[in-house]
Amino acid sequence: MACAVALLSKGITNDIALYDINQDLCTAESADLVHGSLFLNNCSVAKCCDIGSTRDSRVVVVTSGVRPKANEKPSEVAQKTADIIKCVMPSLVKESPKAVFIIVSNPSDVMAWVAHKISKLPYERCISTGCHLDTARFRLFIAQLLGVATSSVNAFVLGENGKSSVPMWSSVTVGGVRLEQLVPKIGTSEDPMQWCKVHKDVVEAAAKVIALKGYTNWAIGHAVADVVSAIFENSNRILSLSTNAKGMCGIKDDIFLSLPCIVNKCGLFGIIRPHLSKWESNAMKKSAEEVFKAQCDIKL
């Protein structure tokens, strides 16, 4: 629901179709949103009793998944989510064959890979939010440390959307100044200012929120809305999204990782090949290994 709220409140669209296996919840959420249509550009929110009601969507956001139970292994949760993705993707693609599909379900890199394998969509129209939110957190935490606006920080987090994500310290700029010029060992164990703690905070951010309220929703909702906005506006903005990374950064396997992606009305229009430091290159390979292991655990 956070995705729908963000899309409507930002005025990115006023026409949304909600589909959930829990039809009562879908009906209630749809009504609750429509009741505020006066304040949301007279929005139209369709409650879909079947996937056919989503027909001819321009963008399909997939958030399906299960919440982990106590003592349940991550691989077990991932398999359950993958089974849901396998179930819904063929019907969604049948109803909206020209849509751009944005996979939000966790683990998002693996689920985007599953969605692509099942749907056979072209890579440019089957992407994941990947490290887009982690990139936003990364910029925020850097900005907070320096006392500047987040918009003045240009930085990316690439790789796995998870513990092995890679902060691109070599390309971080603040007001056009590269931080690496001021702190040559930035982000490494030899960094006297311990900037590596910033990335640690990024990695742990979601878990801290989950520990207090049980889940995350608002930030990822805004991240999804930003991706949809980039598509609708044909913006050619560069976002850290997850796509097939084979052949990039020395990666030889067919896996999904976050890379600097050019986003426009086609979905993913192109990939910027990042210039990596030695440390970043090694970290990307390790990140790729982690995602590949997770993919191998999934039964398609």
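Using the three backbone atoms N, Cα and C, a Cβ is placed for every residue, glycine included.
TrEMBL: automatically predicted annotations, no manual curation.
Some features that TrEMBL has for this protein:
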DOMAIN    2-127  domain 'Lactate/malate dehydrogenase N-terminal'
BINDING   ASP20, VAL104, SER105, ASN106  NAD(+) binding site
DOMAIN    132-291  domain 'Lactate/malate dehydrogenase C-terminal'
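With DSSP states grouped into helix (H, G, I), strand (E, B) and coil, the domain 'Lactate/malate dehydrogenase N-terminal' (2-127) comes out at 64 helix, 20 strand, 42 coil. Around the Cβ of VAL104 (NAD(+) binding site), the same chain contributes CYS3, VAL61, VAL62, THR63, SER128, THR129, ILE220, VAL224, each under 8 angstroms and 6 or more positions distant in sequence.
Between the two most distant C-alpha atoms of the annotated NAD(+) binders (ASP20, VAL104, SER105, ASN106) there are 17 Å. Sequence-distant neighbours of ASN106 (NAD(+) binding site) (same chain, 6+ residues apart, CB-CB distance under 8 A): GLY65, ALA78, THR81, ASN161. Neighbour density for ASP20 (NAD(+) binding site): within 10 A of its CB lie 16 other CB atoms from the protein chains shown.
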